[in-house]
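What follows is one structure encoded as structure tokens, with my remarks underneath.
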Amino acid sequence: MNAPCYHCGTLVSPQNTLQFDKRAFCCVGCKTIYQFFTDNHLSDYYRFDANPGAKPSDASIKYAFLKDQAIVSSLLEFQNEETSIITLHIPHIHCSSCIWILEHLHKISPAILRSQVNFLKKTVRIVFQPKLSLFELVQIISNIGYEPRISLEHVDAKEKPVDRNLLYRIGVAFFSFGNIMLLSFPEYFEVGEFWLEQYKSFFRWLMLGLSLPAFLYAAFPYYESAFYAIRSKRLNMDIPIALGIVAMFVRSIVDMYLDHGAGFFDSMCGLIFFMLLGKLFQQKTYEFLSFERDYKSYFPIAVTRVNDDGGEAVVAVYDINPNDIILIRNEELIPVDGILLSATAKLDYSFVTGEQKPVYKQSGDKLYAGGKFYGATVKLRVSQRISNSYLTQLWANEAFTKNKRAAYSTITDRISRYFTPALLGLAAISFIFWSFTSLQMAFQVLTAVLIVACPCALALTAPFTLGNVLRILGSQKLYLKNAAVIEQLAAVNTLVFDKTGTLTTTSSSALSWKGSFTEDELVAIKSAVYASNHPLSRLISNELLGLKAEDLSDFKEFPGKGIEAKHGNTNMRLGSATWIGAAVDTTTHATAVHIEIDGIYKGSITFSTLYRKHLPELFHKLANDYQIVVLSGDNSSEKATLASILPASVSYHFNQKPEQKLNFIKKLQDEGKTVLMMGDGLNDAGALMQSNVGLALAEDVNVFSPACDGIIDATVFEKLQAYLKYSKNAMRIIYGSFTISVLYNIVGLSFALSGTLSPLVAAIIMPLSTVTIISFVTIMSNVFARFKSK
Amino acid sequence: MSVIYLLISISLIIALLFLYAFFKAVKNGQFDDDYTPSVRVLFDDSVTDSKTETSPTVVSPKTIQND
């Protein structure tokens, strides 16, 4: 039976378990943290959530740039002699234990004064004394398993001013609405008492006064939007809304003056309040996700530069100039284009191109930014500044600068194109018709029409439906940037998929063994790979889960090449074909680890890509309704495999560079297609940006994803078809509730046109229609969300 | 009956006080994070521990590493 590690929850077989304090641990790191917490009276950490921790990581090299004072001060939020403040983004924050430990950091180091977690944003704001350096602080929290993510985007990231205007407006509208409602009760019930009659005008003046903040301040966005729409000669929903509000206000004042009644102050404030509430509801944001990432989120803040005198210094990447010489260490990302000075280098450009096979470069070769480097430290002569490098230029494309939102009109806008002129026409006709009878009556009917037809329910329909759908999809692990994406999702007719990392999974792969191994040899291999941290070693180690890793008498890792280990009397070398000296199989492009035991070549382990579960089923379902394209930066070696499992209508394009992907999407759009692009890497960033809906697929939604309209968790990939269908149903719900609110409008209008609209009728119809609409869309969107149970 | 002026002005002042409190709360960022406080409120004030010693040992980041 495999037991979970008490600290991090990783399943470990009994043979590999570390026992300490009667608890099971998966590795020394986890045990150390546990020991540390118990010694420091922090063992409460384990009380809030089971196995809350993460494996610790060594921060000393990775965060060496934090020793540089200039970089540190660009990261700090505030700094003086007594205190420093920093906000760190920590992806691991996921449970109450995390909040607890991160808010008890002052128990670990007295130099930490206080810390506060924002769970939704996954950040912790730490106030500490400068006698503790930022480097030491990051080391402390990395050592307890909470490694912060610090990348180029955090440098000089000015705290964005939070827009809280909507909340203020809602507060004001509710204040006016509530107080006016209370003052209106005598009017509603037409209490004819003598003393109430006496104070009637006082009450009315008070209502007028109370309605002013709502009329002038809370409703301001509607006037603004209506004004801009008229100026650009468009018709939107905010025009009848603004007209309705103004009509109510003017009519109420006239009624007051002529002593007709209390007017519509109550309905007006209620209407403003409800509509603002709808806006708030639609504003659901997933704060822990960032939909706006560019290369800056991936790039390191600083690199090591070799100075003229041979000394090394950490410099910010923005300060690297052409002809500087920089050092790139194992697993670091190359931030600038340059020329390799060291003999050879192995680079993984999967992050840029999608091509998983590593690239080998010789001394003198040109290296492009974005490659992840494996191997012993190399030197690089810089040829371009970061902003001019090959990769970063992709962001100079116009797809990244133009506003996607402006390109299409929302469903509410489209409907208001018919609704607004119809309403204005009706108001004009009724005014002319009644003006033959009496001008005063005509004015009353005109305002009544504008008041009753004020599309409050109509305007609430889309925000409430889309806001609700957004939440339901979020609970199903499809996180959309905003409600407008749902409308686009429903309109999509072409689906474009990236291959590597999107159709294939990166978390597991199929291993095939070549050659035969004895039980003892397998144990030796397991022991060797267990000691290594390389991703391929981990995969092999997982494959040999049943075996116990034993102690090695000798172990050496050669970055980019392989490992050399001695287990008992067995000498082993595991690694790449060229390093081992095995014949390279050129027919396949698959990654392989070759094994040599005691100087004899024994065989190899080949890793073949694994397609996502249910991929063929999903594509067969989708092929009925959508045109599907596979767009890959990889070579065409997998084409035959793909063609055999996917529907025949799918088309394939291989060897596509990031820029070509972008242009391919653009071409489809020029043909009139509405395109959904699904990708995972930075190489898809351009295509994701250009497409109508760009969905980034993520194995772990907290880690990287390029700029996009939505992030979909890899575990729900197979549900894509259900989600697309759901978005279409959401549109049907909106049309359905539009019909209902138009029916309410017709009832209201029949009162208005006959000149019998009393404030009481208005005060009833308005909230009633709102409540109907909200309950209708909430019930319907939950009914259609039946895929939840599947 | 002119006491009604007094009563209504008192009620209005109270309502305005609440509005002011709401504004202040929004400004302080109380509505920015509506989840973490709900968890934080459940934490015990004092740190309980199975071990009985009282003075917490203060450690530098190095101590954890060198284990």
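Just so it is clear, glycine is given a Cβ too, placed from its N, Cα and C backbone atoms.
As recorded in TrEMBL, the features of this protein are as follows:
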DOMAIN    A:5-58  domain 'Putative metal-binding'
DOMAIN    A:302-395  domain 'P-type ATPase A'
TRANSMEM  A:166-185  transmembrane segment
TRANSMEM  A:205-223  transmembrane segment
TRANSMEM  A:235-254  transmembrane segment
TRANSMEM  A:260-281  transmembrane segment
TRANSMEM  A:418-436  transmembrane segment
TRANSMEM  A:442-470  transmembrane segment
TRANSMEM  A:733-754  transmembrane segment
TRANSMEM  A:760-785  transmembrane segment
Proximity verdict for the transmembrane segment (A:442-470) and the transmembrane segment (A:260-281), three or more C-beta pairs under 8 Å: yes
Of A:166-185, A:205-223, A:418-436, A:760-785, whichever stretch has the most CB pairs under 8 A to the transmembrane segment (A:260-281): A:166-185
Same-chain residues at least 6 beyond the ends of the transmembrane segment (A:418-436) whose Cβ lies under 8 Å from its Cβ atoms: 235-237, 239-240, 442-443, 445-446, 449-450, 453, 455, 458, 749, 752-753, 755
For the domain 'Putative metal-binding' (A:5-58), the number of residues DSSP places in helix, strand and coil: 19 helix, 8 strand, 27 coil
Secondary structure content, the domain 'P-type ATPase A' (A:302-395) (per DSSP, counts of residues): 14 helix, 37 strand, 43 coil
Mean per-residue pLDDT computed across the domain 'Putative metal-binding' (A:5-58): 80
